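S.K.: Okay, here's the structure, questions in a sec.
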Amino acid sequence: MANQDIYANLTQLGGKTELPNSPEEAVLEKVPNPQAGTDYAVRFTAPEFTSLCPLTAQPDFAHIVIDYVPGDWLVESKSLKLYLGSFRNHGAFHEDCSVSIGKRLVELLAPKWLRVGAYWYPRGGIPIDVFYQTGPELPGVWIPDQGVPTYRGRG
């Protein structure tokens with residue numbers, strides 16, 4: 001069994017936690033990477049991400065895929081879920097939401113590599129896809145295609 005002391009600083013895992021009111025209030029937590037000497041990819045998929053249009057307050061929906069190659073740290077998944085959920089009542093344009101997620105994770109984790117693909121569902125007839133990446137993929141690490149097809153409507 002892993003040394004439980006390395007998880008002592010986690011405040012959200014293992015108990016009831018309220019959804020934060022905004023991304024700024026959300027607490028992202030990290031844990032030590034037990035495989036820090038090995039390069040490998042981690043993927044999180046949020047197919048029902050929501051935020052609000054900052055002008056109309058109408059809901060916006062996206063399928064978000066986060067891929068990263070961790071260094072010394074892993075993001076704690078419940079804190080990531082709560083962070084992503086905190087956008088539900090947050091007003092921001094698609095581009096801002098998408099890039100902010102990537103930058104916040106980079107700031108927290110200092111990963112070797114990170115990519116966010118945000119595939120926004122159409123509103124006003126125009127789908128918007130936003131991509132953020134910290135640099136080229138690492139040699140020798142398998143990074144699968146994100147698997148989200150271009151929106152075609154009834155096409």
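Glycine too: its Cβ is placed from the backbone N, Cα and C atoms.
Swiss-Prot lists these features:
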ACT_SITE  Cys53  active site, thioimide intermediate
ACT_SITE  Asp60  active site, proton donor
BINDING   Val75, Glu76, Ser77, His94, Glu95  substrate binding site
S.K.: How big is the Cα-to-Cα gap, in Å, between the residue listed as 'active site, thioimide intermediate' and Ser77 (substrate binding site)?
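M.R.: Per the Cα atoms, the residue listed as 'active site, thioimide intermediate' and Ser77 (substrate binding site) stand 26 Å apart.
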S.K.: If you count other CB atoms within 10 A of each CB, which of Asp60, Glu95 wins among these recorded positions?
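M.R.: Selected residue: Asp60.
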S.K.: My understanding is the cutoff is Cβ-Cβ under 8 Å with a sequence separation of 6 or more in the same chain; which residues meet that for Ser77 (substrate binding site)?
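M.R.: In sequence order, Phe44 meet the Cβ cut-off.
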S.K.: Including all protein chains displayed, how many Cβ atoms other than that of His94 (substrate binding site) lie within 10 Å of its Cβ?
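M.R.: Neighbour count, Cβ to Cβ under the 10 Å cut-off: 19.
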S.K.: Using a 10 Å radius around its CB, how many other CB atoms surround Cys53 (active site, thioimide intermediate)?
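M.R.: Cβ-Cβ neighbours of Cys53 (active site, thioimide intermediate) within 10 Å number 15.
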S.K.: Tell me, in order along the sequence, which binding-site residues from Val75, Glu76, His94, Glu95 have their CA within 10 Å of Asp60 (active site, proton donor).
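M.R.: Checking each Cα against Asp60 (active site, proton donor), the hits are His94.
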S.K.: What's the longest C-alpha separation between any two of Val75, Glu76, Ser77, His94, Glu95, the listed substrate-binding residues, in angstrom?
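M.R.: Taking every pair of listed residues, the largest Cα separation comes to 24 Å.
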S.K.: Check the DSSP secondary structure of Glu76 (substrate binding site), expressed as helix, strand or coil.
M.R.: coil
